[in-house]
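Visitor: Pulled these from TrEMBL:
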| type | residues | note |
| --- | --- | --- |
| TRANSMEM | 12-29 | transmembrane segment |
| TRANSMEM | 41-62 | transmembrane segment |
| TRANSMEM | 87-104 | transmembrane segment |
| TRANSMEM | 110-128 | transmembrane segment |
| TRANSMEM | 140-159 | transmembrane segment |
| TRANSMEM | 171-190 | transmembrane segment |
| TRANSMEM | 223-240 | transmembrane segment |
| TRANSMEM | 246-266 | transmembrane segment |
| TRANSMEM | 286-306 | transmembrane segment |
Amino acid sequence: MKFLNLIRYKNLFLIALMQFVCYFGFLKLQPTLLGIQTWQYILLVIATLLIAAGGYIINDIFDQGTDAINKPNKNLIGNSISESKAYNLYTALTFLGVIIGYYLSHAINHPNFVIVFILCASLLYLYATNLKQIILVKNIIVSLLLSFSVIIIGLFTLFPVLPVGDKGELFFLFSVLVDFSIMAFMINFLREIIKDIEDIKGDYNEGIRTLPIVLGTQRTLKLLFGLTFIPITLILYYVYINLFELLYATLYIIFFIIGPLFYFAIKTWNAQSQKDYNHLNNVLKLIILLGSLSIGIIGLNMNYYAAH
């Protein structure tokens, strides 16, 4: 259980769920030929999870000072797990993830695609060691990496069949994945700022510049209130332009994504305590979970609409 907590198994579950829903709940429902087989896609998910797990470990190694203050009872490295063992786990997981990525890149006849896995692993290392100290950069990097876990699906399932497939259909499917990844980026960016508010004491002691430290907690919460209306507006616009004929998908997004985002915005205005900030974090986790399911709802609704 300690190992599972170290690699943030709940976060890994969300990433895996998002990738599996994109594949089985959306892409596999389309008549388009895909570039990899199902077992290879499972390997792609495993590679993503291994590199992400390695990223969580290396981040914890360099976060021991802040975690000792922010999460004194949950700080595993240096207590339950030695730093040297953590380094070995990080190296093994990251290496395995890149090796699987190397195999998959050759399997689709695009060996240069292995650079994607190497870049993600490198970015996670740089984030843990240097980049997290730069205001907003850490928030952007983590959110970009989450959104890229969706983009990579298109690179390995759609791009390889571009020369022989229906280009219009393939570009449409890829555009849906891109739109989905943008939504994931925006919502996770909000969550990263909330996490900065939760961790303000430890970050301050370690000299890490975050938005709450620079602006203050209350100003940051008011900024979050305003920022929340960016994804709300963009998602509503997207639904109006692209999904309005898909009744079930539209209702799902309005009630299970837009509704909770409005709730989150209202709660940010009056949040005062650590308990409030934890609640806001959990609300955004729930929105990310529900958002992960939304592309499956869209895929099912598209099939239903086409059949009727």
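Cβ atoms are placed via backbone N, Cα and C, with glycine included.
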Visitor: Would you say the transmembrane segment (246-266) and the transmembrane segment (12-29) are in contact under the rule of three or more C-beta pairs closer than 8 Å, pairs 6 or more apart in sequence?
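Guide: Touching, no - the transmembrane segment (12-29) and the transmembrane segment (246-266) miss the threshold of 3 or more Cβ pairs under 8 Å.
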Visitor: Which listed stretch (41-62, 110-128, 171-190, 223-240, 246-266) has the most C-beta pairs under 8 A with the transmembrane segment (140-159)?
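Guide: So the stretch in question is 171-190.
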Visitor: What residues elsewhere in the chain lie close to the transmembrane segment (223-240), defined as a C-beta under 8 angstroms and at least 6 residues from its ends?
Guide: 179, 182-183, 186-187, 189-190, 193-194, 211, 215, 250, 253-254, 257-258, 261-262, 264-265, 268-269
Visitor: Hey, which bits of the same chain come close to the transmembrane segment (110-128), Cβ under 8 Å, at least six residues off its ends?
Guide: 47, 51-52, 54-55, 58-59, 61-63, 94, 97-98, 100-102, 104, 138, 141-142, 145, 148, 152, 155-156, 159-160
